[in-house]
Amino acid sequence: MSIPLFLLSSVYITVSMLRSLSHPSICADEFSEASTASGYGALAMALCLLFAALAKQWSNNQVIYLIGTIGVYFGSVIQLVSMVLFIKVCWVQKNLPEPFWFPPTVSFAIIGWTGVSIGMPRILVELSFWGGVLVTLFVLPVAAFRTVWYPHRVATNPSVAILQAPASFVAVAWFNIKGSHWLSFDSNNILISVLFATSTAAFLLTVFCVLRRFRYICGVGFSHAWASFTFPSMSTTIAALFYAQHTSDQDIFIGKASMVWATILAVTVLPTILTFIGTFTGTVMAIKNSKDILLLVKETSIMIVNDGNNNGGGAGKNGRCYRKGRKGTTFQTT
């Protein structure tokens, strides 16, 4: 990881942590709703990845390596706590699986993913990886079914893009832990092939769901929900690249086909997504701001005229004229 990127990530994560610590009431409110509690799973992943990169990059420095190790375990605790609280909220509110379920649940695999960088006991690495596999196995089919069949009720905002995340995320975790020690070589090959196929199918299904909700998504203003297009798409692309490299020595046809697919994702899909987000949100915000400015100018430029009654206004004391503005607000002009 480059130093500027590391520093930028550190600043964002630090700000997020300080916000949660300095405003516990806001944090508690966010954990009272499943959709907002979901974001803390992403924070836990960011913590683990950041400190794992720190430990790996400066492994020769014992102090920095120790800080990285402590940070990974701290992020793992945050992940477990956020996952338990999220499941509790979903149980109480009877929320069925949908895409926003995945950040706090399938992120369980991040413990093993980053744990290998700090020498975490292998049993913890295996348990976290298989925990992610189980979440994908049981939650993804339900979330996919509901997302496809209820486009007007489920994931009607950019969070629908998270649907592609679980299988690709677990696939990348498999590559990072270099396969499961609990399986044979052939069984590992079957597992990663199934994960990659599921990741590809989930990506195509996500594209379908996004296009089906395009009008609703475009109606959403700029918010953190747009991040749903970034990391999941990146993990899908990385999983495809890793799988292409993995199969290149075993099967020439599958290896080349996988590399073509990975190249398509890397060259077309990711730039298109990022360009769309930047262009669309920038345009929408510019239009919105320009409308607000024009409306403000219009409302504040009301002048005293004798025909105030014809415009729905009237003369008050001392010659002041009153006129109704937006939402029934009364403006007083002199």
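Here the Cβ of each residue, glycine as well, is placed from N, Cα and C on the backbone.
Annotations in TrEMBL come from automatic prediction, not curation.
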Transmembrane segment range according to TrEMBL, out of 99-120, 165-186: 99-120
Positions whose Cβ lies under 8 angstroms from the transmembrane segment (63-87), at least six residues beyond its ends: 31, 34, 37-38, 40-41, 43-48, 50-56, 101, 104-105, 107-108, 110-111, 114-115, 117-120
